[in-house]
Amino acid sequence: MDAKRHSCAAVWPLLLLAMCIGVCRAHVALTFPPARQPAWDFLDSGRTPPPCGVPKGSLKTSILSGSTFNVTWHLGYPHRGGYRIQVLDASEKPILDLTNGGQQNKSSVFVEGDPTALSYLVQLPKDLECRDCTIRLIRQASEWGKNYMFWSCADVDIIPRPEYRETCSGHGKDIAGRCRCNPLYSGHRCQYRDECSEDKDCGRHGKCVNLEATTYPKKQCFCEMGWFGPQCNKHSCCRHFRMT
C-alpha cells in the first residue's frame with residue numbers, strides 16, 4: 001500500500017509540470033486546414049527554417065476552387081501585431097495573399113486590431129488550381145522583435161469543381177452538398193472533434209465540461225478521483241489527492 005501511495009504522490013508533480021509546459025509553450029498552430037505534422041505550435045522565425053518550420057508531410061486537405069471558408073488556428077496567448085494568410089505553390093513560394101482580398105499585385109498587409117483572433121474568412125479565386133500547395137499562417141509577435149513571427153502551414157490541393165469530391169474529413173456524409181457529421185464531430189467539413197457532447201459520453205465516472213478553449217477538443221471528459229481513460233472507465237491507484 002505504501003508503495004502505491006508513493007508512486008501516486010510521485011505522479012502529481014510530473015502532471016503539473018506537463019500542464020505548465022503546455023501552457024508556457026503554447027503559441028500558434030493551424031486547426032483548419034490542419035497543420036503539417038508534427039503540428040508544433042512554437043515554429044518561429046528565430047529557430048526554424050522558412051517558410052514553414054517543418055517539411056511537407058503526408059497529411060493533405062482538398063479544397064474546392066472558388067470556395068469560401070474559415071481558416072482557423074489555435075492561439076496560446078495574444079501577441080502584439082497582426083496575422084497574414086498566404087497560398088504557397090508546390091515550390092513553397094507565395095503566389096496569393098488571402099488577407100488582402102486575394103489580390104496578387106496588392107502589397108501584403110497584416111490584419112490587426114484583434115490580437116485574440118482565431119479565424120479569418122477567406123475566398124479562393126474560382127480559377128485557382130493548385131496541387132501540392134500550402135496555406136501558410138504568419139503571426140507577428142512584435143513584443144519579441146520587429147521581425148519576429150510564428151508560422152504554421154497546411155498542405156492542400158486546391159481543386160476545380162469537376163474533380164472535387166467532398167469527404168467530410170472522413171467523419172460524416174455529404175448530403176446535398178453539405179456535410180452531416182458523425183457524433184462528436186462538427187464544422188462545415190466535420191473537421192473538429194470533441195471528447196464528449198454530454199455527461200453520458202464520459203461513462204459513469206466522468207462529466208463533460210466545455211472548456212471554451214481555443215482549439216479542439218473544447219468539450220472534454222473530467223473523471224472522478226480514481227478513474228481515468230477516454231470514458232473514465234479505467235481504475236487508477238491515485239484515489240486521494242495529496243501533495244508531499
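For all residues, glycine too, the Cβ spot is worked out from N, Cα and C.
In TrEMBL, the cysteine linked to C232 by a disulfide bond, out of C208, C223, C238, is C223. Sequence-remote contacts of a segment are chain residues at least 6 beyond its ends whose Cβ falls under 8 Å from one of its Cβ atoms, and for the domain 'EGF-like' (192-233) they are 29, 31-32, 74-76, 118, 171, 183-186, 239-241.
For the domain 'EGF-like' (192-233), the mean pLDDT of the prediction comes to 94. Using DSSP to sort the residues of the domain 'EGF-like' (192-233) gives these counts of helix, strand and coil: 7 helix, 14 strand, 21 coil. Taking a C-beta cut-off of under 8 angstroms and a sequence separation of 6 or more, C223 (disulfide bond) has the following same-chain neighbours: C202, H205, G206, G229, C232.
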